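Colleague: What Swiss-Prot shows for this protein is this:
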type	residues	note
ACT_SITE	123	active site, nucleophile
ACT_SITE	148	active site
């Protein structure tokens, strides 16, 4: 059976996601204490962000991570189908099937999904960054974005390997068509550009059509009279 991934995930996400998992296991996730008339309540930082309709994708993308992201998207739609959802992306990429599950959910739900790259969006991370609502995709100035073709391993009898190779090519074509739709590039251009790792800074990603704006600094709130 073919196991299709974006190849960069193999040498980038193990250390990255491992550090995240170790931090969680060591209870290093910050807690936020809120006080009300009914006393104090403690939230981990990610749950608190979820209340503000913010989802943080900060690891490699596998089936477990995708399940969490999809569940949060569907939950926030049920809370308010008319308010935007924000996904902050800092990911080296990962499983194609898991990433497509997130992608389909982003397109399926009613709220617009705004995407922001903070740090790195490589491979499937870049794919999801580009998949945000048009006009609502952004990056911080020193983030790095990378696109490339998916990779996959095949094993078994010759006939099985041929079938799996065809499936990998079919998936590659699908990903190129989706990226072309969201960036405004033609499919052949996307194929040529993603033949090898193509790294971009925020300005280059803006020019390519992966994002719509570069955030230098959050605007100061308006002063009340």
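Cβ from N, Cα, C; glycine included.
How buried are the listed features, and what sits near them?
Modeller: Following the DSSP three-state reduction, the secondary structure of residue 123 (active site, nucleophile) is coil. Taking all protein chains in view, 32 other C-beta atoms sit within 10 angstroms of the C-beta of residue 123 (active site, nucleophile).
Using a 10 Å radius centred on the Cβ of residue 148 (active site) and all shown protein chains, the other Cβ atoms total 19. DSSP gives residue 148 (active site) a coil state; it is part of no helix or strand.
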Colleague: For residue 123 (active site, nucleophile) and residue 148 (active site), determine the Cα separation and express it in whole Å.
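Modeller: Cα of residue 123 (active site, nucleophile) to Cα of residue 148 (active site) measures 6 Å after rounding.
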